[in-house]
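Per TrEMBL, these features apply:
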BINDING   D142  substrate binding site
BINDING   D244, H352  Mn(2+) binding site
DISULFID  C184-C195  disulfide bond
DISULFID  C266-C269  disulfide bond
DISULFID  C317-C421  disulfide bond
TRANSMEM  14-32  transmembrane segment
Amino acid sequence: MAFYKRSHAGYRRLLPLFLVIFSVALVLMLLIRKWSISDFSYIDVEEESYSFPSSSMETDNRILLNFGDFEPKLPKMNDFAISLDRRNFLPPRNIDLFPNLAENHIKIVLYVHNRPQYLQVVLKSLANMKGIGETMLIVSHDGYFNEMDSIVQAVRFCQVKQIFSPYSPHLYSDSFPGVSKGDCQHKDDPSKKNCSGDADQYGNHRSPRIVSLKHHWWWMMNTVWDGLPQTRMHSGHILFIEEDHFIYPNAYQNIQLLVKLKPEKCPDCFAVNLAPSDVKSKGEGWESLIAEKIGNIGYTFNRTVWRKIHAKAREFCWFDDYNWDITMWSTVYPSFGTPVYTLRGPRASAVHFGKCGLHQGQDKISACIDNGEAKFELENFDKVPNINIDWPVYVFKNQEGYRAGFKGWGGWGDHRDRELCLSFAYMYHSSDALTNRRDVSKHS
């Protein structure tokens, strides 16, 4: 009995020591966890796989982003946006006509706005492109326009997958990302107009119609590479084109050749292109491959390059220019630290057509396609592969154009646009965003 009393008293004397040791251990564990998360900005991680419905856009290869104390936040979708987002979960069409995709095929992404006549031209050119039946066409819509949707639904020449940006400013008439009540417009002075908003470097406030260009491109890139079940595990190249690009019959065969030649002919090239970076040029016609800066017509790259772009999300989203391509040329590519070249042939396999500006070409009567007509003269060598695997590579250095130091054309000064843009980068890589998408799909 005496022994029991002494032991019990000893335990009581040691209890405070045990509590101190436990508290110190707990603090060390929390600090180690904090350091392990904050000491990197971009790494591949393995996380628990969420049990989403089979139709949802979950991702297996998550990227842990860390942009300081930024907290990603996506706007609340309205009912119509939710209905469009449900369509994003649908499988591709025409699988009955084209049940199998070719091995090592290059998927094609066509991003569109609201120019029906343009869309008909580019789709007709794709229908005549050799090899189109062995791949998948993904059409990314900036918002929803009934005629644009109907035109795409009529496509029967390959597998087709449609996606709609549910955060397009065109879908929100009285709230952000559209126009919110009390928003400043044009060059309004907030103190005099009693309005809110951040002006760009030239004193202009946001225009939803303008900012939708950059938002759509960035949403599309994140969704295609990291969201869609059809592409999120795709290890090959993806070709990106726009609704005002006319694609030659030999384009797909040429892009396949260039992708195969790139590791040997230009191992430091980041991409391959269907056309020169100078949109007015149809090529030099030399017996040589060309390495030059990446153009915005028919550009093709793989997931490794996408990861480098994705890691520069803050640079992309904070640059005061509403154009995605000028943003890339002026801040993202220069931040890579090495020359960013693309490989292409000496003759264009795609061209930019028309003289329309931003979001024009909708009106059937006054549609702006080179004075109302879309005429393209194709030579015989535009209809067959015209790249020789034995050609050398000519490198264009110090080309003119946008580069590091350019301040941008503005239109992208509002903090809400910048934060929405950066939230898109987290969209498929954070628990909160994935949970949000799971909730949407549950109501599908």
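Placement of Cβ uses the backbone N, Cα and C atoms for every residue, glycine included.
For C266 (disulfide bond), the nearest neighbour among the listed recorded positions (D142, D244, H352, C421), judged by C-alpha distance, is H352.
The Cα atom of D142 (substrate binding site) lies nearest to that of C421, taking the disulfide-bonded residues C269, C317, C421 as the candidates.
Cα of C421 (disulfide bond) to Cα of D244 (Mn(2+) binding site): a distance of 24 Å. Looking only at the disulfide-bonded residues C184, C195, C269, C317, C421, the densest Cβ neighbourhood within 10 Å occurs at C269. For C195 (disulfide bond), the nearest of the recorded positions D244, C269, C317, H352 in terms of C-alpha separation is C317.
With a cut-off of 8 Å between CB atoms and residues at least 6 apart in sequence, the same chain places D244, H245, F246, A275, V279, I297 near H352 (Mn(2+) binding site), listed in sequence order.
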